[in-house]
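Here Swiss-Prot flags Trp92, Gly141, Thr142, Gly143, Asp163, Trp214, Met242 as S-adenosyl-L-methionine binding site, drawing on similarity to another entry.
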Amino acid sequence: MELVLLDEETLYEYIFERYVELEANANDLSQDLGILSRNESELEIDIGPHRLVTRKKKAPERDEYTFSIHQNLTSLNSNRDNNNSTTGYVIWTTSTFILKWLLYNDNATIFTRGGVKDEVDITSIFQCQQDDKLRYVLELGTGTSPMFPIVFSNYVDKYVATDQKDILPRLKDNIQENQSECRRRLLKSNTIALDDLKRRTELECQIDIALLDWELFSGSKKSRNDPVLQCGPNFHLTIIAMDVIYNEYLIVPFLTTLESLFVWYTEQRVTVSALIGIQLRTQDVLEMFLEEAIIERQFIVHAVDEKELNKSRFILLHVNLP
């Protein structure tokens, strides 16, 4: 695996090569838009490692998860719900693929546990022995999926899932329904009614949902003053966003919000990094996104060049501000 620094020249080479790979693997990949199921409102989703039957030494045990998720297909096809922004009402394959990759691909430990790769110093997403800071994950455009919030709450001290107003009640319901899949920590919340589940640990995760509208956040003191978003300098924050860039109109609001979050938290002496997962659809949209992020806004972007990712229709970007 390599971390490829994208700049105003290499970003075009990267995009070209990635779409060549996509075309080469086309026969093995689904050609739909990436919705996990267009037919079912109630989904049962298993998150676990891919098992190969071999004679080699038994692989180490990894935590596995089973989710019961309600998605709203009616709202997806509505022209009235959530001001026409309806993609968050259903579950997308980007989330399941990237989540499994982060949990079960050995190359992903550079992100979950931290370290140095290709001269890039990466702070871990999960709480570990890398440093004495607490771990906070802020997810942008969570949708109604509880998978990242619940799985990551096993390993971090604070998790905030954000989206638009009409999405949040359904997200809350799905988190409540699947809270038992957090087995390594006690869940606490100021925004979600949780059961008093017993765990053999004193470790806790503060899990919350919050309204974060990309059109409003950068100039809104009200959004920034939400106590759910607050944290102290003893935290490292990882901002994650999965499959939120699928048309050109989202690029500027998303990057403006991301930039504002980096600046805002840095001013509070919180260290910040970001991971962005994207499904490869229209090449022009990806090109416009990277141009805006790298050339116009000076984000430091590294693309994850890794075998399993390269055979898929997904990319993963590690992002920082200088």
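Any Cβ shown, glycine's included, is placed from N, Cα and C.
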Thr142 (S-adenosyl-L-methionine binding site), number of other Cβ atoms within 10 Å: 29
Asp163 (S-adenosyl-L-methionine binding site) CB neighbourhood, other CB atoms within 10 A: 24
Span of the S-adenosyl-L-methionine site, taken as the largest CA to CA distance across Trp92, Gly141, Thr142, Gly143, Asp163, Trp214, Met242 (Å, rounded to a whole number): 20
Nonlocal residues around Trp92 (S-adenosyl-L-methionine binding site), in sequence order (Cβ under 8 Å, 6 or more apart): Gly34, Ile35, Leu36, Gly143, Ser145, Met242, Asp243, Gln279
Chain-internal residues, separated by at least six, CB under 8 A from Trp214 (S-adenosyl-L-methionine binding site): Leu140, Leu250, Pro253, Phe254, Thr256, Thr257
Greatest C-beta neighbour count within 10 angstroms, which of the binding-site residues Gly141, Gly143: Gly143
Helix, strand or coil at Gly141 (S-adenosyl-L-methionine binding site) [DSSP, three-state]: coil
Helix, strand or coil at Met242 (S-adenosyl-L-methionine binding site) [DSSP, three-state]: strand
CB contacts for Met242 (S-adenosyl-L-methionine binding site) [other CB atoms within 10 A, all chains]: 26
